[in-house]
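Participant: Dropping the structure in here first, questions after.
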Ligand code: PLP
């Protein structure tokens with residue numbers, strides 16, 4: 001007989017790097033989840049911007065099970081059909097000529113930063129190696145990516161850290177213009193800072209970075225781990241902004257819930273990587289790439305991408321209504337279905353508490369920092385689920401304000 005699994009076991013057996021909710025979801029369908037007791041939740045978190053097609057999407061499920069019935073893993077001594085199909089799909093749909101596949105966002109950024117350093121060394125050995133990154137940025141948890149991230153609290157205790165990374169204020173083009181030089185090998189930026197509070201870049205800022213990178217022969221890296229694969233209403237946010245990077249990193253929604261990461265780049269940079277310079281055992285694994293191929297095929301259509309703008313409107317209108325009544329948010333912002341609601345002064349620091357109240361009401365939402373309530377739902381979430389989820393949010397807000 002199977003033993004009953006309890007939340008207490010998390011505390012007993014897992015390294016305590018997370019503090020998960022007290023309930024355990026056991027089943028999902030579309031934008032709904034059910035916990036062990038059968039209680040239902042509307043899912044506005046989407047597994048942190050991952051489940052872009054919701055839970056258990058029938059076509060994605062079929063892609064996974066069909067591939068599972070053929071071959072799961074080969075290793076990089078052999079290529080496979082799903083990875084070749086997915087690479088072509090991404091090349092056809094973006095600025096990129098070549099793709100490197102891996103398993104997570106951090107790994108995609110690690111590859112991007114390593115490639116930028118490699119390219120810099122090829123131009124001016126031991127000189128062109130400086131990386132410009134931004135305050136409050138988040139790029140992952142490997143030592144290199146956590147150092148590139150702009151929140152010292154995540155990196156400082158792991159010192160010594162990789163050197164030659166400078167953090168400048170986000171959206172401050174002047175600061176970049178003053179700092180960038182012939183020593184700069186890369187600028188890495190999120191088009192919308194996700195973990196940092198759902199803060200969209202100003203269009204002039206990204207366009208200016210593009211210009212400065214071209215002038216100084218530095219590589220422009222867009223970290224689209226959170227903004228990518230339809231979230232902003234385009235396949236990638238660089239298309240929303242009309243600013244083309246040299247390297248783009250993707251993960252999260254790319255696999256719709258199956259772990260996969262990718263670094264997209266152009267031929268002139270990709271050719272610096274040769275057999276043996278970089279790699280990972282699972283990169284381009286047939287199960288992951290079969291799923292991602294189906295996810296990209298479904299999302300990269302006018303119906304799904306166009307639906308994002310419509311859903312954005314529904315969210316914004318109703319959030320504004322709730323705010324009109326309760327004055328709980330100081331700003332509601334974001335692009336497409338990456339939305340942030342910053343807590344007003346009176347409720348400063350209470351975003352996490354609000355998500356706990358929301359969960360009691362049957363709504364799963366995210367935070368970004370201590371002060372921003374964040375939503376990253378399925379891109380195809382039905383209107384009635386948005387309405388019901390926001391009804392539940394309204395009840396949670398009413399309790400917070402009572
Ligand atoms: N980059 C951005 C913009 C992210 O939001 C995240 C995760 O939140 C990462 C990188 C890291 O991705 P992963 O957790 O898959 O390593």
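Cβ coordinates come from backbone N, Cα and C, glycine included.
What TrEMBL says about a protein is an automatic prediction, not a curated fact.
Note that the structure is predicted; figures quoted are calculated from it, not measured.
Annotations for this protein, taken from TrEMBL, read as follows:
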BINDING   105, 106, 138, 223, 224, 225, 226, 281  pyridoxal 5'-phosphate binding site
BINDING   141, 280  N(2)-acetyl-L-ornithine binding site
MOD_RES   252  N6-(pyridoxal phosphate)lysine
Participant: Are there any residues at least 6 positions away along the chain from residue 280 (N(2)-acetyl-L-ornithine binding site) with a Cβ closer than 8 Å to its Cβ? List them or say none.
Facilitator: 102, 103, 107
Participant: Got a sec? Which of 224, 225, 226, the binding-site residues, have CB under 6 Å of any ligand 1 atom?
Facilitator: 225, 226
Participant: For residue 141 (N(2)-acetyl-L-ornithine binding site), which of these recorded positions sit within 10 Å, Cα to Cα: 105, 106, 252, 281?
Facilitator: 105, 106
Participant: Once the chains shown are all counted, how many other Cβ atoms turn up within 10 Å of the Cβ of residue 225 (pyridoxal 5'-phosphate binding site)?
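Facilitator: Counting Cβ neighbours of residue 225 (pyridoxal 5'-phosphate binding site) within 10 Å gives 29.
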Participant: In sequence order, which same-chain residues at least six apart have a C-beta under 8 angstroms from residue 224 (pyridoxal 5'-phosphate binding site)?
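Facilitator: Residues satisfying the criterion: 190, 191, 236, 237, 238, 248, 249, 250.
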Participant: Hey, of 105, 138, 225, 226, 281, which of those binding-site residues are within 10 Å of the residue listed as 'N6-(pyridoxal phosphate)lysine', Cα to Cα?
Facilitator: 105, 225, 226
Participant: CB neighbours of residue 252 (N6-(pyridoxal phosphate)lysine) within 10 A?
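Facilitator: Residue 252 (N6-(pyridoxal phosphate)lysine): 29 neighbouring Cβ atoms within 10 Å.
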Participant: How many Å separate the two farthest-apart Cα atoms among the pyridoxal 5'-phosphate-binding residues 105, 106, 138, 223, 224, 225, 226, 281?
Facilitator: 25
Participant: Between the binding-site residues 105, 106, 141, 223, 281, where is the Cβ count within 10 Å the lowest?
Facilitator: 281
Participant: Have a look around residue 226 (pyridoxal 5'-phosphate binding site) and count the other CB atoms within 10 A of its CB, chains all included.
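Facilitator: Around the Cβ of residue 226 (pyridoxal 5'-phosphate binding site), 29 other Cβ atoms lie within 10 Å.
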